[in-house]
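Now, the feature entries from TrEMBL:
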REGION    A:1-20  region 'Disordered'
DOMAIN    A:1-204  domain 'Heme-copper oxidase subunit III family profile'
COMPBIAS  A:1-11  compositional bias 'Basic and acidic residues'
TRANSMEM  A:32-53  transmembrane segment
TRANSMEM  A:73-91  transmembrane segment
TRANSMEM  A:103-121  transmembrane segment
TRANSMEM  A:141-164  transmembrane segment
TRANSMEM  A:185-203  transmembrane segment
């Protein structure tokens with residue numbers, strides 16, 4: 001990711017309007033997209049392996065699933081969707097030069113990330129308290145593996161949002177591609193949770 | 001504030017949140033109906049998840065206006081993943 005003293009024409013158009021211009025426009029940079037697409041493929045494999053094991057014993061998986069707190073899962077989905085929305089608005093605000101607003105929005109998104117961690121910690125605490133640990137059965141092994149791997153992504157995501165904040169601090173050094181790339185990572189964290197929520201909490 | 005309310009991503013966020021509440025209610029409605037698998041509910045849940053994921057990719061990640069290779073890759077990823085999940089569930 002290099003310094004951009006001169007913006008390429010399409011990025012300049014995005015900066016001017018606040019939204020991507022019609023036609024071809026890569027938000028962020030290719031390096032971040034390669035990472036994100038690789039992560040999507042890896043998580044996709046996890047999801048399919050989960051389904052294969054689930055298909056072998058659907059009733060056991062369903063009876064284990066009933067011990068999860070659907071309300072907590074849905075609440076965490078709303079929290080991450082809200083954080084993604086705030087980040088999307090922050091990117092648009094940076095493009096139009098509204099840095100104060102963008103800063104507030106990124107802090108809001110980071111706050112949502114922390115709230116997600118708190119809700120998840122409470123959920124894990126309750127589950128472990130009821131004896132549903134990693135070794136309880138295959139369902140809970142996947143529950144901790146998938147939510148744990150995702151939790152790690154949330155933690156990294158909060159650091160990435162701090163990078164977003166740092167990037168917009170100094171207008172002379174601001175790189176729009178870095179701002180967009182950090183936002184892309186955070187949206188991926190949101191997207192993965194949507195699938196995890198459907199598979200672990202809601203599916204019947 | 002007015003610009004935030006007018007922003008397309010705000011409309012998308014409201015839509016996504018509504019779908020989430022919908023799937024929450026769908027799951028909660030069937031909580032008391034025993035532990036029997038329910039293909040119709042599962043298909044509905046997966047369809048709602050696919051719509052949510054595509055909205056996040058297209059509007060929040062701005063893939064809607066991205067180069068074709070990225071649009072094609074993300075669309076295929078979603079289609080292959082959701083089809084595989086549904087097929088494994090059904091068979």
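Heads up, the Cβ atoms here are built off N, Cα and C, so glycines get one too.
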When pLDDT is averaged across the domain 'Heme-copper oxidase subunit III family profile' (A:1-204), the result is 89
Given A:73-91, A:103-121, A:141-164, the one sharing the most C-beta pairs under 8 Å with the transmembrane segment (A:32-53) is A:141-164
Outside the transmembrane segment (A:73-91), at least 6 residues beyond either end, the same-chain residues with a Cβ under 8 Å of its Cβ set are 27, 101-102, 105-106, 108-110, 112-113, 115-116, 119-120, 123, 161, 164, 179-180, 183, 186-187, 189-190, 193-194, 197, 200-202
